[in-house]
Amino acid sequence: MLIPSHTLLAPDEMAEADRRAALSGLSSYGLMEQAGRAVAAEVLRHFPVLERAVVLCGPGNNGGDGYVAARVLAESGVPVALFYLGDPDRLKGDAERAHRNCKINGAPLSAYRPDGGKADGDVVIDALFGAGLARPLEGEVKALVEAVNEAECPVVAVDLPSGIDGRTGRVMGAALRAQHTITFMARKPGHLLLPGRDLCGHVTVTDIGIPARIVAACAGRLAENGPAVWQASLPRPETAQHKFVRGHLMVFSGGPSATGAGRLSAAAGLRTGAGLVTIAAPGNALSVLATQLTAVMLKRIDDLDGLEGVLEDKRLTAFVLGPGFGIGERARAFALALSGRALVLDADGISSFSEDPQSLFDAFRQERGEEQGQRVLTPHEGEFARLFADIAGDRSLGKVEKARAAASRANAVIVYKGADTVIAAPDGRALINANAPPWLATAGSGDVLAGIIGALLAQKMPAFEAAAAGVWLHGDAGGRLGAGLTAEDLVGAIGPALAGLLAG
Ligand SMILES: NC(=O)C1=CN([C@@H]2O[C@H](COP(=O)(O)OP(=O)(O)OC[C@H]3O[C@@H](n4cnc5c(N)ncnc54)[C@H](O)[C@@H]3O)[C@@H](O)[C@H]2O)[C@@H](O)CC1
Ligand SMILES: Nc1ncnc2c1ncn2[C@@H]1O[C@H](COP(=O)(O)OP(=O)(O)O)[C@@H](O)[C@H]1O
Ligand SMILES: [K+]
């Protein structure tokens, strides 16, 4: 059994895997030896010629890995300087043994003066803190971390760059900026969540011998977003299908001066394989839209009565409400009327509920019809705070926990957008997305995402999978375009992204 590459283990889950491995008879010191050796090998691989390896060892097992790596590097003929935090005579368990076996005379951390920024400078092996980081860095260790960063020494981090919280990816006081990070068995959420991801550099996962079945049993309901998670439920066109089988997506447009966002969503929906896409618009926007649309159809809907009439047509299989729609009573009424159908609520559709989010959540709690539960909310950070102010402000929660709490409260799938978008379901499943290039931060990019997810919902993909696949496709399309992309280009790149997925 292999550990799937999208597996993520929170630090407490990794500690549990460690504990179960020891209970199953594996030597925990043996695991530390494997870990330390792997670190030394990684250092030699990246820096085959190095003047001085500086190993910084902390007071726990991360430091233990450091003592093993220092010993192995010295045995390989590398000049090693070792600096420790705390009193090494007070080390316990495996770390004490690793220290005992390492015959290098170290010095206290305060004695280290980073020598960096040039070809023959220090290569720093960071074994100060890993999964056991318990509080913000302060005092001498914080000053040292800042000095190493300032000196621009290349850093190879053991498990995590010291100062990064493995659960949330947050910087605790200060954190080392690593060029390479070597972690064990599976990545932690902090390797993917920002700013942790940026500070890890290139991450290598090494098997140190904990059986895959133990790792799998300890993994929770969080993983990296990718095709392995939802490929099986991705809609695939079949020869015998006609367009109605591929779903009918309705996108709501704003008034005559705000039709672009809805058009982007609709175009993205069509590209993502919805059989039919209709833009619903108020009467005064119809002539503007009519000059802009070809394959996308147009339907006049002015008010709630008009919407309710249209909703009798059960061939409409999903809806996108929010892009360019306008904030206010009309958006609230439309969202509540659509709350029992497959719905992507985005942008203005979300912001319209900032005064009374509970009314939306109450509507989502009422189960109605066959599309029940197929609701996706796609807030960026600002919109998230409007609907979930208390959750957004809770400093104890990371982005994953925030998205999960919001999904449970709203009874909807939450796509908490950003460079590290988190997708969470009310039942606790969650995914961190990491394939989005920064070029996606461009006007209209969110409208395209809403249309992609809407089209997948229209084709009956379950909401969590549709949201996750949509976010991934959006990122992949962006990655194919790169620098200078616009939201219109993004629509054009959905086809190649989908083709790549369906071929894979
Ligand atoms: N399967 C596993 O879990 C394995 C874990 N290993 C290593 O063990 C590490 C986890 O070891 P530990 O749980 O001992 O934790 P760490 O060694 O990461 O840190 C815990 C120690 O740091 C101190 N500390 C925490 N935050 C501090 C702060 N802000 N300022 C000063 N001191 C602070 C704690 O009091 C404790 O002494 C992993 O990151 C990994 O490197 C490896 O040995 C191999 C096996
Ligand atoms: N720095 C970034 N790196 C990668 N993706 C990003 C970044 N910033 C934003 N995104 C993505 O781009 C999209 C922007 O959506 P949104 O904020 O709603 O923009 P708009 O309202 O202009 O359409 C989201 O999918 C978000 O996850
Ligand atoms: K570390």
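Yeah, the Cβs are placed from backbone N, Cα and C, and that goes for glycine too.
Curation does not apply to TrEMBL; its annotations are automatic.
Binding of AMP is annotated in TrEMBL for K417, G418, A419, D420, T421; the matching candidate from G382, G446, G451, G454 at the same site is G446.
When TrEMBL records N62, D126 as binding K(+), the matching candidate from S5, S24, S162 it lists for that site is S162.
Under the DSSP three-state reduction, N61 ((6S)-NADPHX binding site) is assigned to helix. Classification of G446 (AMP binding site) by DSSP places it within a helix. Of the listed binding-site residues, namely H380, K417, the sparsest CB environment within 10 A is found at H380.
Of all the binding-site residues listed (A131, A134, A419), A134 has the fewest other CB atoms within 10 A of its CB. Within 10 Å of H380 ((6S)-NADPHX binding site), judged by CA to CA distance, lie the following binding-site residues from the set N62, S162, G418: G418.
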